[in-house]
Amino acid sequence: MTEETTVADDDVSGPGTLRPPGAAPLVQVRGATKSFGGVQALRGVDLTLLPGEIHALVGENGAGKSTLIKVLTGVYAPDGGEFRYGGEPVRFARPADAQRAGISTIYQEVNLVPLLSVARNIYLGREPRTRWGTVDVGAMNRRAAQLVGDLGIDVDVTGELGRLGLGAQQMVALARAVSVESRVVIMDEPTSSLEPAEVETLFGVARNLRRSGTALVFVSHRLDELWQLCDRVTVLRDGHHVHTGPMAELDRVTLVSHMLGKDASEVGAQGVTEFAGKHRHGDAPVLDASGIAVRSRLSDVALQVRPGEVVGLGGLLGSGRSETVKAIYGDLPVESGRVSVAGRNLRAGSVRHALKAGVALLSEDRKAEGIIPDLSVRDNIALAVLPRMARGGIVVESRIDALVETFMTRLKIKAADTGQKVRELSGGNQQKVLIARWLCTEPTVFLLDEPTRGIDVGAKQEVQALIDELAGHGLAVVLISSEMEELVEGADRVVVLHAGRVEAELSGSELSHSRLLTALAGESADPADDGQPAGDDGQPTDGAGQPADGSGPSAGTGQPTAAVRTAAKEEEDGRG
Amino acid sequence: MADHRAPVREHADGAADVTAADGADGRRSWRRFDIQWIRRNGVYVALAALIMVNIVITPNFVNVATLRLQLIQVVPVLIVALGMAVVIATKGIDLSVGAVMALAAAVIPLYIGYGAALAILVALLAGALSGAVAGSLVARIGVQPIVATLGLMVAGRGLANLLGGEIKSIRDPGMRALGTGSVLGVPYVVLVAIVVTVLVWFLVARTTLGRQIVAIGGNARASVLAGLPVGRVLLTAYVVCALLAAVAGVLLTARSQASDPTRLGLLMELSAITAVVIGGTPLTGGQIRVAGTVAGALLLQLITATMIAHDIPDSVAQMAQAVIVVGAVYLQLGRRGRR
Ligand SMILES: Nc1ncnc2c1ncn2[C@@H]1O[C@H](COP(=O)(O)OP(=O)(O)OP(=O)(O)O)[C@@H](O)[C@H]1O
Ligand SMILES: [Mg+2]
């Protein structure tokens, strides 16, 4: 109650705002409140969007970012608050109304129709028509192909959307959002499944929109992205509005301290990831996969992981990383190949057998392949071990309670109580519930497909530390991440895939940003000569073409990694 | 909701702290609260209301004989609806329940010569077998539930007619006792219904299988990845449903002391689905409400009884039922996604 009134009201008149003086705000939210049952998700939040700005919206998991976006765009009815759009009071009754008024939104959980074609999804609800009023499929496909091509993604627009990986789906959602003239474009974690190259594309699109006077909202847990892209930032914490101001005035530590509600000194100068470094591991691989071939996806992929080792899987969208772990897990029909765990061969195509042998897979697609939305947190956590929680087919509740309690505390899962439906948790907490589900199975091999996707700084570090801890206990970990830092700092070895084949393997001193980027682009030196680490200066960086307000601030805020990352990105861009 | 907020406000710095926004907050919460509340408890309220109305307008309503009759008559729908709820929770549907009832009824005369117990056992086995066929089609071959059970609905009725033909009366003391006997004034058929209800409740609330059923209905893909025996669970759900339909078929046959495969159980799938849905179990799967289903079946029965008691024609009664189904499904689905 007190916090919302004491917050400085600096969003319109505060110092250092970048807009030309007098520019009228496009969107003004004041004192938005929203509760779900007993959970108060928003407790008086303000948000002001100016034309031609990219506005970062940040906060921990469950802070209320998505809820704010949803009450603004008519997904939920707000409980209270004042909403103005172009100066006029508005309340959108449904998302379509907001869309029609010129607010395009990419929601956090990709909200497209998996069974329809990519083109159909992009033009859903506004398909081009023929003279007879039927959908002009030809024109639609042509335009969609053009649009998607402009975004630099290589997908067949006539194919089913559901066949695409999550990252490609995010790009399709972006295509949909920018295919209409909008005055406001809201993006709730658009980059969470994207590779550096796609992130760069998205940033390019965003900057173009900004130039044309569109107001953008950008939500991301990858904090260094914010300095590259955003002009101003609004920070939420536990449904309260805690800060709004220019991005350039904040450094990472201050931002994190706002988010967590801790003192800057407490937050301290942490590294980018929480990974402690390399792990000690055994000699004999516990996971041994070789010659894995999946029709038109993978050919001859091999992967060995020793107990206590973290092996990263790198690659671009569609390079076959998720397919590799799914094939190992028995979730994809393989044409050939052999997987053994601790010397025992796994039965091809049997998830249950893999699970029994001690393999667990944390899927990248939380919504479609992870949570059971209507079940409680508790039942979701215990799902994979139900038979072990039962005696003679009858569930022993006390066993489940004990297990669930352990993991709720260990992973710091935030929920009203263990009986709350999982669909009501924020994205990050859903992710933790799923990690808990898999840890319950006490795996010896843990396949993690984007484990920190969409989770906040604090939780991300917790998960990273947890991965270290698990490896320390002798777990063999396969880590897929589209964040370079995680692979470079978290993995002992990185296997890079390209078009379904193993392209390179980096370990020891070769495991650096630039080597990884080169390998990702599919231009690595011949994998045979990997004894010779290529220097970090393999390609001259091209100083020109630095985005106007891109990495400037980040370089000045003590974030070497972000700077390196940007430079490396340009390096790659210059080549591609 | 409001109850929850009230003490919070008192903890704040007194009433002055309650702003206009808070007021709006409270009112809106109430409205949303109502819809969810209706979804969950509407069936009980409707049932209570209809009982009150009947107490006032229907002569001889509060009368042991009337109430007893209502209970006896609700038994078949109730038992079938409980099985249906199990299948619906898996995100499936079973249209073959009526045909399975007929099949069970058709089998009884063929084996009644060996005694009631054996005849009933064979009838139940026939039901379970039919469920196994439906379950295999759905779980192993991947036929859509509505298609698989529609096929069985037609084929099962045909087979029942083939086996049983026209109506046959059954003279067997065991069957008669089951159909008309009672202990301490409670008819056997009602006792069977109570036992079935408890068993289904236990299945849902206490067993691994029950949890797995709702998990699969909630997200089949995630359930596969979590290593659940999805095929086996689905198969079991359809077997349970068909088995309960067969129980209902046996009870009805016992009550009427006649096997009538041509007409027994006609439109039962509709009544059962209606009872499940108005009981608060969504057709989208992933949830199951046992008590709600019981109340839903009672409500349906009471509506029919009320109409009959007041000489309202059958056609009107059926339309009333249609309105109720649409209303209930709307409450379940129509407002989904926007809350
Ligand atoms: N439909 C819902 N029902 C109940 N509670 C909900 C619902 N949606 C959100 N919440 C709760 O509201 C709070 C804010 O959630 P929200 O999704 O807005 O967080 P967020 O800031 O977007 O987090 P994340 O970064 O994890 O996506 C959380 O505590 C969440 O559990
Ligand atoms: Mg969110």
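Backbone N, Cα and C define each Cβ position, glycine as well.
Now, the feature entries from TrEMBL:
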- B:37-57: transmembrane segment (TRANSMEM)
- B:69-88: transmembrane segment (TRANSMEM)
- B:95-112: transmembrane segment (TRANSMEM)
- B:118-139: transmembrane segment (TRANSMEM)
- B:146-164: transmembrane segment (TRANSMEM)
- B:184-204: transmembrane segment (TRANSMEM)
- B:225-252: transmembrane segment (TRANSMEM)
- B:264-283: transmembrane segment (TRANSMEM)
- B:290-309: transmembrane segment (TRANSMEM)
- B:315-333: transmembrane segment (TRANSMEM)
Contact yes or no, the transmembrane segment (B:118-139) and the transmembrane segment (B:225-252), 3+ Cβ pairs under 8 Å, gap 6+: yes
For the transmembrane segment (B:315-333), distant same-chain residues with Cβ under 8 A (at least six beyond the ends): 35, 38-39, 42, 271, 273-274, 277-278, 280, 282-284, 300, 303-304, 307-308
Cβ contacts the transmembrane segment (B:184-204)/the transmembrane segment (B:95-112), at least three under 8 Å, sequence gap 6 or more: no
Dominant neighbour of the transmembrane segment (B:37-57) in B:69-88, B:95-112, B:290-309, by Cβ pairs under 8 Å: B:290-309
